[in-house]
């Protein structure tokens with residue numbers, strides 16, 4: 001019997017597997033940030049242990065950093081302490097750190113791939129739930145807790161049970177203007193926020209193969225939002241072209257050897273998945289979440305669901321609670337919903353392709369007078385490239401704020417946050433209650449949709465944006 005891509009990677013990394021015990025797998029790459037690592041390093045220090053493979057461990061600062069200044073004190077005492085601890089720990093244990101003043105500093109799931117730290121066939125972990133992002137390269141990548149962070153630092157291994165496999169095939173081509181964000185939100189809308197629980201998802205199909213690496217990262221980033229452990233896309237020529245020449249990618253003469261191996265990393269034709277879901281790409285429209293989990297999502301040309309449309313009493317109760325929190329009335333057109341803030345950024349949508357898409361919409365327009373709109377590049381290199389292309393000038397002339405790299409308004413752990421009752425069109429990955437600030441109301445959209453909302457002051461369909469403008 002053939003193997004799935006997940007099974008091939010997992011089997012290649014098993015260190016120990018015996019009956020009645022959880023298998024132990026080897027971890028190729030460990031990414032670290034300031035929030036989930038301090039206690040892990042303290043654990044090593046207390047037990048007199050070293051980092052077993054410091055050359056396979058890389059750290060950056062992202063969650064707590066200010067996007068307006070490089071001052072370590074800007075976001076309060078807790079943020080300062082966590083960043084100072086990360087600097088101390090990385091120096092003591094010999095771990096590479098991209099700190100606030102390093103040109104590579106940025107969101108961990110943006111920094112890793114762009115430096116070539118993320119490679120096909122690897123196992124990658126980080127103390128962050130959106131580590132699944134790296135699965136876009138055909139790597140088995142997933143988030144871990146702080147105690148597991150300590151374990152990987154000490155042993156370069158992790159106990160990990162075998163997971164079920166789910167194949168999601170997006171058949172056909174998407175319409176113009178439909179992005180990876182729309183694809184993944186449509187998938188979550190179909191499966192629900194728990195539809196992938198217990199599975200490793202492999203995304204396949206013509207629409208997936210057509211995505212850039214940035215798009216595939218957006219896709220895999222949100223696999224966790226349907227409950228999955230990880231998301232995978234098999235590596236192909238798009239993957240290899242992205243990786244070639246990057247700092248930590250194999251260099252000649254090892255490059256050809258690496259590519260030959262990477263080409264074997266695909267599910268066999270006779271591989272059996274535990275479940276399969278198919279999506280028609282042509283039916284996917286620009287998506288907007290209306291509720292308080294990513295599964296509460298509809299197309300831009302639809303109305304906010306009526307409560308009597310939910311047959312399941314649990315779903316109906318959830319929808320009723322979500323509508324109350326979001327301050328929405330059932331049956332309202334999405335395009336009639338006004339917004340207060342716009343956030344373009346996060347590990348989901350802060351790469352150069354995302355900024356280009358938003359700038360294309362913003363060019364020649366002005367942000368609505370009542371809207372605050374911020375653009376936060378995902379890393380130093382993304383910021384530098386955007387500025388070299390003049391994207392920063394387009395945003396600034398349109399009335400957007402151009403910021404420094406960081407996680408920013410994705411989560412309320414720094415100075416970028418919503419005030420109670422404020423409504424935000426956000427390119428991030430979670431719209432839970434209070435995610436962007438206590439009482440804040442989050443709607444998840446693509447970068448282009450976020451830019452259009454900023455200009456109109458309400459949600460707008462980018463398919464008719466030129467006409468509306």
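Using the three backbone atoms N, Cα and C, a Cβ is placed for every residue, glycine included.
Given the structure is predicted, the values throughout are model-derived calculations rather than measurements.
Record features (Swiss-Prot):
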- 347, 407, 410: [4Fe-4S] cluster binding site (BINDING)
To see if you understand the setup: which same-chain residues, six or more apart in sequence, place their Cβ under 8 Å from that of residue 347 ([4Fe-4S] cluster binding site)?
107, 108, 109, 110, 130, 133, 221, 378, 407, 410, 429
What is the set of residues, excluding 347, 407, 410, whose C-beta falls within 8 angstroms of the centroid of the C-beta atoms at the [4Fe-4S] cluster site?
62, 63, 107, 109, 130, 345, 346, 348, 350, 406, 408, 411, 428, 429
With every protein chain in view, what's the tally of Cβ atoms within 10 Å of the Cβ of residue 410 ([4Fe-4S] cluster binding site), excluding that atom itself?
29
